[in-house]
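Sequence annotations record features per position, and here Swiss-Prot assigns ATP binding site to GLY10, ALA11, GLY12, LYS13, GLY14, THR15, ARG123, VAL132, TYR133, GLN200 based on sequence analysis. As annotated by Swiss-Prot, AMP binding site applies to THR31, ARG36, GLN57, LEU58, VAL59, GLY85, PHE86, PRO87, ARG88, GLN92, ARG156, ARG167. Feature annotation from Swiss-Prot assigns region 'NMP' to 30-59; the stated evidence is sequence analysis. According to Swiss-Prot, the region 'LID' annotation covers 122-159.
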Amino acid sequence: MRIMLLGAPGAGKGTQAQFIMEKYGIPQISTGDMLRAAVKAGTPLGLEAKKVMDAGQLVSDELIIGLVKERVAQADCEKGFLLDGFPRTIPQADAMADAGIAIDHVVEIDVPDEEIVKRMSGRRVHPGSGRVYHIVFNQPKVEGKDDVTGEDLAIRPDDEESTVRKRLDIYHEQTKPLVEYYGNVAANGQTKYSKFDGTQSVASVSEEIVVALS
């Protein structure tokens, strides 16, 4: 099952991504992780990306698409994969379709901006693993501690309100158009599209996702 997650920063994508990966046994594909792995492995695309990054430039969509294509061909993606945070723009989505990277199901988690601002200030992260908690909505078993390791949780600087609002502006400008884009792709029967109310509890959203994906 090839799944793509859409939603604003703070909509709860990280928590649902973790759930989907465990439930369906598929890897999450993050472009940042992919870039680092390709550079470390010294693949031709990795060396090309390193050259660009060392020069302080942005890695082109073409190069990223090449890396995604390489990544989804690996053995652990045989049962599918989860794309979160990519594509971010319509040109990237077009390039991905042109490269023959098909998506079976687009999952959108929808949350109003003001709710996101409120949520972010209560977010806590385990720096080692990236596991995300919330002091109200998704509490750790022990306050301030990671469930798995027992290590301290931290507040990320980009959970500050001004930063959150800036990120939401960028999301609405660049990524929100993908909602309409993939809605049209689904209308043409090339993928399935499901939208979920992300203001519900984490468990409710997870349950609805399972029903939609089954």
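Glycine too: its Cβ is placed from the backbone N, Cα and C atoms.
Of all the binding-site residues in the list GLY10, GLY12, GLY14, ARG123, TYR133, the shortest Cα-Cα distance to ARG156 (AMP binding site) is found for ARG123. Neighbour counts of Cβ atoms within 10 Å were compared across the binding-site residues GLY10, GLY12, GLY14; the minimum falls on GLY14. Under DSSP, the residues of the region 'NMP' (30-59) split into helix, strand and coil as follows: 22 helix, 0 strand, 8 coil. Ranked by CA distance from PHE86 (AMP binding site), the binding-site residues GLY12, ARG123, TYR133 have GLY12 at the top as the closest. If one looks beyond the region 'NMP' (30-59) by at least 6 residues along the same chain, the residues whose Cβ comes under 8 Å of a Cβ in the stretch are 66-68, 70-71, 84-86. Helix, strand and coil residue tallies for the region 'LID' (122-159), in that order: 3 helix, 10 strand, 25 coil [DSSP].
VAL59 (AMP binding site) is 30 Å away from ARG123 (ATP binding site) when you measure Cα to Cα.
Under DSSP, GLY14 (ATP binding site) is assigned to a helix (H, G or I) in the three-state scheme. Spacing of GLN57 (AMP binding site) relative to GLY10 (ATP binding site) is 27 Å (Cα to Cα, whole number). Under the DSSP three-state reduction, ARG88 (AMP binding site) is assigned to coil, being neither helix nor strand.
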